[in-house]
């Protein structure tokens, strides 16, 4: 099966190109799609730093590319955007599509340990396989200079991946992230199915737990949260993460925005701030 990525679509935007690719993932055991936004290049030999975006429940690699408008700021800052999918697809595991918040479209950016869900290894896909694939196949990308951000489940993924891999990412930010999944219904549904009943394993994928283990954060964490987000009170729990950061002396900029909900209008409103946040970290480091 072809592990080398093949281009399946391309469209020009703000002087650069949105390109979609398909490849077979040995980590996940299935074909996967991902998008790259390549900014306009000042020279053929120029290399762009990479900013990964992890999407939320039910999303694919397309949602952020189509809806966020992030390409304008990425073009201005000279940063490539990379958006993977949110789970393996096409494996036909029994029950994989029975609910919108577990299985297909809901990989939670972890490595499942339960046999039934053994292919759900989005953590390794994002942290290990995808960066190597990019490095091997796209010489215009400087994959050693990378940052990461995400939305909702993807915000959870970005925070946990960054905290455990600060040698690989210069900065992190999130829109309405699931910050304390071991204490919210989404996490309490997904984690026992993917990871079993040992709650110490759940904590390895919980940003509120991890921030006390990996407090040596070099760049301030940026989180934006809409106050009219229907998931804010019981699923996202940003105040738990805020308190953990305070206790660990980790720099956090947590901004609340009246009237905004959980959707992409909210993301599009504040995405330029996030691109600039990462651009500064990528220039400094």
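Each Cβ is built from the backbone N, Cα and C atoms, and glycine gets one as well.
Record features, source TrEMBL:
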ACT_SITE  152  active site, charge relay system
ACT_SITE  229  active site, charge relay system
ACT_SITE  262  active site, charge relay system
Separation of alpha carbons, residue 229 (active site, charge relay system) and residue 262 (active site, charge relay system) (Å): 5
Sparsest-packed among the active-site residues, when each Cβ's other Cβ atoms within 10 Å are tallied, from 152, 262: 262
Alpha-carbon distance [residue 229 (active site, charge relay system); residue 152 (active site, charge relay system)] in Å: 11
